[in-house]
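The following features are taken from TrEMBL:
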| type | residues | note |
| --- | --- | --- |
| DOMAIN | 87-511 | domain 'Major facilitator superfamily (MFS) profile' |
| TRANSMEM | 6-26 | transmembrane segment |
| TRANSMEM | 139-158 | transmembrane segment |
| TRANSMEM | 170-193 | transmembrane segment |
| TRANSMEM | 223-245 | transmembrane segment |
| TRANSMEM | 251-270 | transmembrane segment |
| TRANSMEM | 341-359 | transmembrane segment |
| TRANSMEM | 371-391 | transmembrane segment |
| TRANSMEM | 403-422 | transmembrane segment |
Amino acid sequence: MKFEDLFLEIGGFGRFQILVLFILCLPRINLPMHFLLHNFLAATPPHHCAIPPQEAFENLTTEEVLLISIPRDPDGTFRSCEMFSQPQFQLLLNSSLQPENSSTTQHCQHGWVYDHSQFTSTIATQWDLVCEQRGLNQATATFFFIGVTIGAVIFGYLSDRFGRKAMLQLSLVCSVVFGMLSAASVSYSMLAITRTLTGVALSAERCLPLAGMEWVDIQHRTFSGILTSIFWSIGNMLLAMVAYLVREWHWLLVAVTGPCLLSIVCLWWVPESARWLIANGQVKQAHRNLLRCARMNGRKDFTLSPPFHLPQALRKMATDKKPGGSYSYISLFRTPVLRKISLCSGAVWFGVAFSYYGMSMNLTGFGLNMYLSQFVFGVIEIPAKIIMYVLVNRVGRRQSQAWSLILTGLCIGANIIIPKPFTSLRSIVAIMGKGFSESAFTTVFLYTSELYPTVLRQNGMGYTSFVARLGGALAPLVFLLDEVWRSLPEVTYCGVAVCCGSVAFLLPETLNVCLPEGIEDEGGGSGKQLEGANPLCSVTRSKNAEV
């Protein structure tokens, strides 16, 4: 007897599974609130150099003091990082006059004055992470994603070694501890370290979809993947509302970290994955968890039927688990076809993550209020996910992946050309681009799981996930390129998305193709037999269509 046969008897998708998925979706909501927190945590409000009081300024208004002390850009706005070395009193007579040479200006000498109308405080205003220190401000997001990358390696191994539930609980506890320490940071160094450690802790919550799907049958795994993915988008929308209500960065960190406490309490009810328990020889605990599932699903008497002697069946499943060959990440490049798949899929994942976080962290660049941008960007993700799940089964994985990423880049590029005064048009194009970006992210999970042979699938997903996190870590730093040319960040995001999307055309199509089982099958898409010709193909594909 196979586990899937047993699962059908206890109820592959009943009240038990619905409750488990609902509980696991609670911490899923919290993830984007941390992943995109940088938008509000490190926001830089309008600012200018602080002007020390002088006797000559006693009879001048604040506006007049700024006029003679701060140089202005051609559009009339005061510069954020420069001041006159000496007051330019002649500007009081004619404000259109310009200093004769640049030697009259210098960098801010006495700190900065910030506009607190939108934010009470951010880390930028707390430690003056502006102008020459602007790079440190952007680096806080990079530190967080570096932590996520490190944590993925650590918790990926630990979750297979000690179980999904134990690692999720440890992750949530550590997230609370490091999140609160971040809120209590008294220096930039302390914040950088604690945010990095928060990223390490939160990376374990990548097991949330896996922990949920290991409790549902094959037919409902795609549904559970969509559900957990939608709750990520709900978290995006909630972040906009929480940030709108909490304008002080310390309390904002507390507000987005606090819900982890509720998740810790609720997670005690969720049992360990029976599949993991069986794979690790813990038959008695798997037996108890399966009986609990059966009772809640109204299948109390299933063990009384002759074919199902549950303890014996579970022991046989555990005994039948034969270790396969030893495979490592090097195996992903062992054959020419696998090398091509690994290099191309790595490029696609980098482009997907790079463009997604590039758009998600540029809330003020498209003409909308940043809170509204965050909310709308979350809303558009939901229909994008649903539409893409239909398209991948109609036009194929390769075309869907390539064009969704290319169109993301084209939307970013279009907003470089559209003049700034056309705010409505820029906003519409940006929202469309965010939808395409989310479509690309949704597709890449499904597509990659079908490209690799079964024996390499986990290694393949781990490798591409690492590349994606590298893209996420680099995305915030690209904004610093605007010092070279104001549009260079957008040009970079556009170029990377279009190029990486074009690389997807080099990958094999996996729609209606038997998935490969071993390296000898030469990677995904090599199977020539359609699903209709072999019923096992549809089961295999369904098993691995996990998002």
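From the backbone N, Cα and C atoms, a Cβ is placed for every residue, glycine too.
Note that TrEMBL annotation is computational and uncurated.
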For the transmembrane segment (341-359), sequence-distant contacts whose Cβ falls under 8 Å of one of its Cβ atoms, 6 or more beyond its ends: 332-333, 377, 401, 405, 408-409, 412, 430, 433-434, 437-438, 440-441, 444, 447-448, 451-452, 460, 463-465, 467-472, 474-476, 478, 489, 493, 496-497, 499-501, 503-504, 506-508, 523-524
Stretch among 6-26, 139-158, 251-270, 371-391 sharing the most Cβ pairs under 8 Å with the transmembrane segment (223-245): 371-391
Dominant neighbour of the transmembrane segment (251-270) in 6-26, 139-158, 371-391, by Cβ pairs under 8 Å: 6-26
